[in-house]
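In Swiss-Prot this protein carries:
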TRANSMEM  33-53  transmembrane segment
TRANSMEM  77-98  transmembrane segment
BINDING   83, 182  heme b b562 binding site
BINDING   97, 196  heme b b566 binding site
TRANSMEM  113-133  transmembrane segment
TRANSMEM  178-198  transmembrane segment
BINDING   201  ubiquinone binding site
TRANSMEM  226-246  transmembrane segment
TRANSMEM  288-308  transmembrane segment
TRANSMEM  320-340  transmembrane segment
TRANSMEM  347-367  transmembrane segment
């Protein structure tokens, strides 16, 4: 009798994806983040579902419903902080996952990479709308500032903003629709993640050397299931430590003040994971230019396959490209720091230089360095 997992139509899909999947024998812990992102998504959907049972998307009661969750609902504080800090863990895993893809040339799997870029946009949209829901000061003003950016679009801009708001300002209609979108998007993300995996399994995984590994494959289970469990344990350790010891470490104190349209906070800023893009937006004095730079700072990832000039796929054996990669990482950390600072003298110019360097590295320096490395190898 043939094995049940290999014959049953549903089990066969799971078997070919997680059990008998041929995987390269040399993939490192940098390949753990896909499964960790899946875990983050499950945590977010479950905690979000339980939060939605007690939350009300009305401007009059949204803030107090979140207070009610934290004070009166059994373990409501735990669910709320797991959800808030789970988003931070999600983005940490996302950035590391994308960074891994850039370093090892995984972007040459075009369909997988493009679905990944789409997933990144979807997760960012979901996180932004989720941040608006508690209806604190930073929720309200963050929503006002970011949605207002669309007014920079020529001709249709102002109409588009009012259409998204559902009125002439961020109000009840905006909050209700943001809640609806915030609820539905994670399920769309889950479906997209399935498509992401589908395309990945068409080609098989990349590996640190960037060399095809068809001659040397091992089954996913038990080798990488065990390896993934280590990552899972570390993720849970970090998340529970954050939630139980300093749940507000990554949040903004302003969001503990109910939204007040008549009182603008001194420094409007998004959550930490958007600060790099926010710094790029602020570094350009022109509104439309800033919005374009903001979108391009993420969309530039879709250009990566076309900017790949190296003869080798991975950066493993390309020390000069490695050097530029780590400069890019340092640049993004600098932008993240700048995004959280007020708009005054030293910070403005640092932000502008860091923004120029970001685009310069990706569009000019890295492709040229790759060509130089090709010549050094006499290829």
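The chain as shown is numbered from 1 upward.
Glycine is no exception: its Cβ is also placed from the backbone N, Cα and C atoms.
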Interface present between the transmembrane segment (226-246) and the transmembrane segment (77-98) (three or more C-beta pairs under 8 A): yes
Distance, residue 97 (heme b b566 binding site) to residue 182 (heme b b562 binding site) (CA atoms, angstrom): 23
Proximal but sequence-remote residues of the same chain as residue 196 (heme b b566 binding site) (Cβ under 8 Å, at least 6 apart): 112, 115, 116, 119
Rounded distance in angstrom between the Cα atoms of the residue listed as 'ubiquinone binding site' and residue 83 (heme b b562 binding site): 30
Spatial neighbours of the transmembrane segment (347-367) far in sequence, C-beta under 8 Å, 6+ residues away: 279-280, 282-284, 293, 296-297, 300, 303-304, 307-309, 321, 324-325, 327-328, 331-332, 334-335, 338-339, 341
Which of 83, 97, 182, 201, the listed binding-site residues, has fewest other Cβ atoms within 10 Å: 201
Per Cβ pairs under 8 Å, the stretch of 33-53, 178-198, 320-340 packing most closely against the transmembrane segment (226-246): 33-53
Contact set, same chain, for the transmembrane segment (178-198): CB under 8 Å, 6 or more residues outside the stretch: 17, 37-38, 41, 44-45, 48, 52, 55, 57, 112, 115-116, 118-119, 122-123, 125-126, 129-130, 132-133, 143
